[in-house]
C-alpha cells in the first residue's frame, strides 16, 4: 500500500511541477507582453497614419455614395426621350464607379503594406482557442474592443437552449451583420474583407460557420454524458499509468537480482589491457545504479506522458496538454530544424575535412618515402622528413580550421568572439617561453647539430642524446643521469658533437702523460703507441700518434692520440687506455712521474739520455771542502 501511496505522491508532485512550469510560462508571457507593447508603440504610429488615410478615403466614399445615389435617382426620374441628359448622368456614374475601384485598390495597397507589421486581436472560443482575428476598427470601436466584445457575445450563446445551425443570420450590406434573433454578434466591414483578401459576404459566411461549429462543439463536449465519459477515461488513464509503474518496478527489481546473480559469473570487471577500470564488485554497483536511474527516468517519462493525455481529455485543460507537449516537442523540433538548417554547412565542413585529410595522407606518403631514402631531394636530408611533415600538417590543419570556422555554429556570436580573443591573449602571454623553445627546436632540427644517440657536450653537460622534441632536449650522462635542456638554452650554448663524424672519419681521443727528461722521447713514443694499440675499440688504422705538447722545467708532456669509432664508449676506452699505459711503462722500466730538481748537480748523474752522452762520460763525484782550523778547534774542545 505504501508503494502506491509513493506513486500517487510522485504523480501529484509532477502535477505541482507542471503547475509551477505554467506559472513560469505565465511570467514569461508577461515579459513577452511587455516587449510586445514596446513594439506596439512603433506600430501605433503606423496605424494612426493608416487610420487617417482610411478616414479620408472613407469620407470620400460616403460622399461618392451620396452622389451616386443622387445620380441613380436622377436617371430613374428622366423621361425616356431625354437621352442626352441620361448619357451625361451615366458618364458621371461611371466616373464614380471608377473612383470607387481606385479607392478600393488604394486601400488594399495600404493594408498590404501594414499586413506584415500590424497586430491582430484574436476572437477566442469557449476553450480559449482562437476562432479568427480582427485587424481593423469599426466606427468608434478599436480592433481590440471589437475582439473582446465578439468573444463575450459568443460565450453568451451557451445560454441559448434553442441554438442550432440556422440560428445565426447574415443581414445587411454595408456593413454585413451576423445576428441571432435581435442581437448583433458582429459586423463585417469592407476593411475586414480587405484584410482577409476576400469579399464581405464570403467573410461573413466563414465567420458564421466558425461560430456555429464552436457553439455546437461546446454543447457536445460539455454535456453530462460526455463529462461522464471523460471522467471514466481519465480514471482509466490513471489506472493504466499505475499498472505500468507497478509492473515496471517488478521488471527493474528482476533486473537488479539478475545483476547480482551474474557477479563473478559473467561480470568479471572491465579491463583495458593491464589496467583494471572496474573490478567485479564496482561493475555490479555501477550496473545497479544505472538500473535505478533508468527505472526512475522511465517512471518520470510515463507520468510526463500521462499528464498531457489526462489534460487532453477535458476541453478546459486541453491548452495545458498542448503546453506540456510543447515543452518536449518544441526543443526536439528546434534541434531537428536547427540540424536541418545547419546541414549545408555540415556538408561543407565534412567535404573540407575529407579533402584536407587526404592532403595530409599525401604529404605523409612523401614523408615516408624521403625518410626511408626511396625519394631523394638534393639538399634535403632524410632526418628532416618527419619534422617537416609535422610543420606542414600543422599548417594544413590551421588552414582547414580557418576555412571551416565561419561554418561553425555560433562562430559569429559575440560570446564566441570574446572567448577566442581571451584564448588568444592567454596563449600569447602564457606561452612566450614555450614558443621560443618551439622555434629553437625547429631551428635545431634544420641545423642538424645532433640526432638521437649522439654523444654530445652542451655547455658543461656531456652525454648521449635520448630525446629531442619541440620543447626540450634530453641527455643521459655517463653516470646515468637524465638532464633536460630547453631548446632555447641549447641554441644559446656551444655544442660539441663527438658522434657526427666518428663512424666515417673516426673520433680522436687523447690523454697526456708527463715524464722526466731522463726517458728518451723515442722510447716514450713507442710505449704510448703500444699501449694504445693494446686497447680495445682503438683503431689500428689510422695509426695512433704522439705529440709533445709542452717542455716543462722538469718533465715533458706527451699526448697520445688514437682513433675510435665508438664515441659513446669513451669512458671505457679512456679507462682501458690508462691501464695499458701503466702496464707498458712498467714493462719498459719507465716510472710515471714528474720529477722536480734542485740546482745541486755534484755527484748526480745527468738526466740527458745515454744516447746523447759522450762515450767517456762518468758520473761526477761529490766535492767536499773542509776548513782545518775549525776542525782542530773542535777537536781540542
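Glycine too: its Cβ is placed from the backbone N, Cα and C atoms.
Note: TrEMBL annotation is automatic and uncurated.
Here TrEMBL gives transmembrane segment for one range in the set 199-221, 268-290, 337-359, 360-382: that range is 337-359. Per TrEMBL, the stretch carrying the note coiled coil among 1-39, 40-78, 79-117 is 79-117.
As stated in TrEMBL, the feature transmembrane segment covers range 227-245 out of the listed 151-169, 170-188, 227-245, 246-264.
Only residues 6 or more beyond the boundaries of the transmembrane segment (391-409), in the same chain, are considered here, and those with a CB under 8 A from a CB of the stretch are 338, 342, 345-346, 348-349, 352-353, 356, 359-360, 363-364, 442.
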